[in-house]
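Shown next, in structure tokens, is the structure this report addresses.
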């Protein structure tokens, strides 16, 4: 899937590392967690 920015990745700027995986269907899979707290966002940003 596509990469997405977790809250722990820091503020948005050039050269950010995107450690999350965008999950569009339902919630994060078992063993993963949503790593993005808030904001206008489609789907979930999941991380193992």
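Every residue, even glycine, has its Cβ placed from backbone N, Cα and C.
For residue 4 (disulfide bond), the number of other Cβ atoms no farther than 10 Å from its own Cβ, over all displayed protein chains, is 21. Under the heading disulfide bond, Swiss-Prot lists 4-45 (among others), citing similarity to another entry as support.
Remark: residue 35 (disulfide bond) has 6, 7, 8, 19, 20, 45, 46, 47 as non-local neighbours, by Cβ distance under 8 Å and separation of at least 6 in sequence. What Swiss-Prot lists as disulfide bond is 6-35 (among others).
If you look up Swiss-Prot, you'll see 28-46 (among others) marked as disulfide bond. In the three-state DSSP classification, residue 28 (disulfide bond) falls within coil.
There are 18 other Cβ atoms within 10 Å of the Cβ belonging to residue 28 (disulfide bond). Residue 35 (disulfide bond) carries neither a helix nor a strand DSSP state and counts as coil.
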